[in-house]
Amino acid sequence: MGTNNHFAIRKVHSLLGIIPIGFFFLEHTITNSMAILGEDMWMAFVSFLHNLPFKIFLEVGLIFLPIAFHALYGLWIVYGAKNNTLRYSYFKNWMFYLQRITAIITLVFIIWHVWTLKTANLYYSQSYFQAMGEMLSNPLVFAAYLIGFLAAAFHFTNGIWSFLVAWGVTVGPKAQKVSFALCMGFFALLSAAGIGSLISFLQ
Amino acid sequence: MGETIKLRVKRQDNPEASPRWDDFEIPYRKNLNVIAMLMHIQKNPVLANGQKTAPVVYECNCLEEVCGACTMIINGKPQQACSALVDQLQKPITLEPLTKFPVLRDLHVDRNKMFENLKKVKGWIDIDGTYDLGPGPRMAPKTQEWAYPLSRCMTCGCCAEACPNYNEKSDFMGPAAISQVRLFNAHPTGSMQKDDRLDAIMDKGGISDCGNAQNCVQVCPKEIPLTTSIADMGKDTVKRWISRALRA
Ligand code: HEM
Ligand code: SF4
C-alpha cells in the first residue's frame, strides 16, 4: 500500500478538529466569557491576545490554515454522505446528520464573523466592548451569533465524541455512551459560557 | 377465498428500466413469510387487479437467514425475506430492492461489491498451498467464543444499505469487511496476514471513511457488534499507521 495518503488525510482532518481548531475554539470561548465578568476583564484578555508577538503567524498557522483545510476537506466529506435520517431515524444517525449541518452553519458563520469584525476593526474604537454591544443589539446579528456559536459548540463537542471512536479510544458501546454524555455536558458548559458572554455585551 | 395479504412490490424489468409498483394479494396462512409470498407469485403471477404479469424476480438460497441472498427492503428496512414473518409485519407489505447495489431485475440485485471488498481485505484464513504447511497454532476456546458472533456475517449488505457513507459518491467499503478484518486478525493463523488486512482498510474507501452514524449495528440481522469492530480496527489502524511511519 502506501500508494495514496487517504488514511493520513482523513486522520489529519480529524486531528485538526481538536488540535489546534478545537483548542482555539475553547480559548476563544473562555476569552469572550470574560465579558460576563465585565468590560475590564474582557478587555484585559483581548488585549493580551491582540498584543501577542508574531500574531499574524499565529493567526495564519494555528487558526486560518487548519480551519481552511478542515473546512474544505470537511465539505467534501459532507458531500460524500447520503443522509437517511428519515428512513433510519436512530439517535446516532441524527447526530451524524447534525454534525454535518452544524459544519455548514459553522463555516458560513466563521466567514461572516471574521469578515465583518476584521473590516470593522473595532479594537481601536472608543470602547471595543460597547462597540460589540451596539453590534449585537441588532436582533438579527444577535440571532446569527447565537446560532453560529451553538452550531460550532455542538460540532466541536460531538466531534470529540466521534474523534474518540475514530482513534479507537472509546471502543465498546458503553464507553461510547459515557463519552457522549460527557461531551454533551461539555456542550452545555460551552453554551452557557457563549450565551452568557453574548448577553453580557448587551449590558 | 379467505383472508388475503396486500403486497406492494417495486419492480423493474432490467438494470436500465425505470421502476414501477405492482400490487398483489396473497392468500393468508399461518406462519407465512415473505419468501413464501414471492413463491406464491411465482406459481401464480397475477396482479391484485387480476391482470397477468411476469413472476417477480428475487434471489433466495438457504431459507434460514444464513446466506443473505434474499436481502431486500421490507417495509422500508433492509432484511432477509426468509426470516420476515408476515404476522409481524405492517400491512400492506412493501418490498423494494436494495438501493445501494445495482438492480438486475425486480428484487434481484448485484451484491458483488460486498464480495470484492472481502477479497480486498483478504477476508479468509490462508490454508495450505501447493504443499503442506503443517499444523497451525491453536485458537484458545475463549477466543473462539469471542470470535463466533463476528463469524456469523453473511455478507447480506444490510449494514451497507443503511450506511449514509456507503453510496455511489464514495468508495467506502462499508462495515462488514472491516468487521471481518477484526475476525480474521484475531485468528492465530489469520493474524499472519494481519498487517496486509490493516493496510487494505487504510486504503481508499477504508475505515477512515466511516463517519460513526452507527446505523449498521442497528440493522445487522446477525446482531454483529459492528461499531465495536470499527472502533477496534480504528485503534489497530492508528497503531499500524504510526508504526509504518516510524519504520519507513
Ligand atoms: C469551528 C471550527 C471547527 C471545529 C472546532 C471542528 C471540529 C471537529 C471535530 C473535533 C471533528 C471530529 C473528527 C472525527 O470525527 O474524527 C470534526 C469533524 C468534522 N468536521 Fe469539523 N470543525 C470545525 C469546522 C468545520 C467546518 C467549517 C466544516 C465543514 C464545512 C467541518 C466539517 C466536519 C465534518 C464533515 C466532520 C466529520 C468527519 C467524520 O466524521 O469523518 N468542520 N470537526
Ligand atoms: S455485518 Fe450484518 S448486516 Fe453487514 S453484511 Fe454481515 S450480516 Fe449483513
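Counting begins at 1 with the first residue displayed.
Glycine too: its Cβ is placed from the backbone N, Cα and C atoms.
Quantities reported herein were computed from a predicted structural model and do not represent experimental measurements.
What TrEMBL records for A:12-36 (among others) is transmembrane segment.
For A:His70 (heme binding site), the same-chain residues lying six or more positions away in sequence with a CB closer than 8 A to its CB are A:His13, A:Leu16, A:Gly17, A:Ile21. As annotated by TrEMBL, heme binding site applies to A:His28, A:His70, A:His113, A:His155.
Annotation source TrEMBL lists transmembrane segment at A:56-76 (among others). Non-local neighbours of the transmembrane segment (A:56-76) in the same chain are 9, 12-13, 16-17, 20-21, 24, 103, 107, 110; each lies 6+ residues outside the stretch with a CB under 8 Å from one of its CB atoms.
If you look up TrEMBL, you'll see A:97-115 (among others) marked as transmembrane segment.
Taken from TrEMBL, the feature transmembrane segment applies to A:142-166 (among others).
Marked as transmembrane segment by TrEMBL: A:178-202 (among others).
All chains included, 15 other C-beta atoms sit within 10 angstroms of the C-beta of A:His28 (heme binding site). Remark: of the binding-site residues A:His113, A:His155, the most isolated position is A:His113 (fewest other Cβ atoms within 10 Å of its Cβ).
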